[in-house]
Amino acid sequence: MRRKLVIGNWKMNGSRAANSTLLAGIKAGLGDAKADTAVCVPAPYLAQCQAELTGSPIAWGSQDVSAHASGAFTGEVSAAMLLDFGSKFALVGHSERRSYHQESSALVAQKALAAVNAGLVPVVCVGETLDEREAGKTADVVGAQLDAVLEVLGTGQLAKIVLAYEPVWAIGTGKTATPAMAQEVHALLRARVAQKDAAAAAGMQILYGGSMKPENAAELLAQPDIDGGLIGGAALKAADFLAIIGAA
Ligand SMILES: O=C[C@H](O)COP(=O)(O)O
């Protein structure tokens, strides 16, 4: 039985004061939630998460990680640096990184590998655009994005990653994939992982992201291959984030 995992992706939002209020609200309302919980925050706030979340059940992580271990890579943050601040997760290949920063699937795969090698859990994001979906290319697009990662990870490493299916057309738009649409893609992603490592596929947490909110979370999270959520906008309000965690 896979545990449910709900991750809040704050994107480029927050301030020290607002973060404190949000984290305190989440901690206060978490109760005995059954789902695992984490927040992926802008890198400058990792120290704040470490200070305010250590000892709580809430894990934290980054929204990106360098493919390189160290050196002359201005502006990048290495996996070791993220670990220095107690991070557990690193998002890799979020569609906003792929589209605004031209990150290729090959680079995303190298980032996932760097994370795994350092002991971070990469949350590998895949997803198709609306044009790709309407052209019937969803399976090919997400399959190719996944394959790039499967190619670089060695035996045993597949059990150390989390996948997130985020249809690009559903991110921040208020449009959500129907539970059936999301389930179909999650099942095909799991089947593709199973071709390489059946045990890892059976245990792999595959999260859905894209306008998940309290009103639609329960139905999405009830699907057999949806193991949690990667939450954007609704993760910025403690009550909404807690409601989604409660639905998981
Ligand atoms: O990483 C989170 C996703 O991009 C979803 O964002 P959203 O919940 O605001 O649609």
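Backbone N, Cα and C atoms are what each Cβ position is placed from, and that goes for glycine too.
All chains included, 18 other C-beta atoms sit within 10 angstroms of the C-beta of Gly233 (substrate binding site). According to TrEMBL, the substrate binding site annotation covers Asn9, Trp10, Lys11, Gly172, Ser211, Gly232, Gly233.
What TrEMBL lists as active site, electrophile is His94. There are 28 other CB atoms within 10 A of the CB of His94 (active site, electrophile), with all protein chains counted.
Annotation comment: TrEMBL describes Glu166 as active site, proton acceptor. In this structure, Glu166 (active site, proton acceptor) belongs to neither helix nor strand by DSSP; it is coil. Cβ neighbours within 10 Å of Glu166 (active site, proton acceptor), excluding its own Cβ and spanning all shown chains: 27.
You'll find the Cα of Asn9 (substrate binding site) roughly 10 Å from the Cα of His94 (active site, electrophile). In this structure the alpha carbons, written CA, of Lys11 (substrate binding site) and Glu166 (active site, proton acceptor) are 14 Å apart. Among the recorded positions Asn9, Lys11, Glu166, Ser211, the ones whose Cβ sits under 6 Å from an atom of ligand 1 are, in sequence order, Asn9, Glu166, Ser211. Taken over all pairs of the listed substrate-binding residues (Asn9, Trp10, Lys11, Gly172, Ser211, Gly232, Gly233), the Cα spread reaches a maximum of 14 Å, rounded to the nearest whole number. Mapped onto three states, the DSSP output places Asn9 (substrate binding site) in strand.
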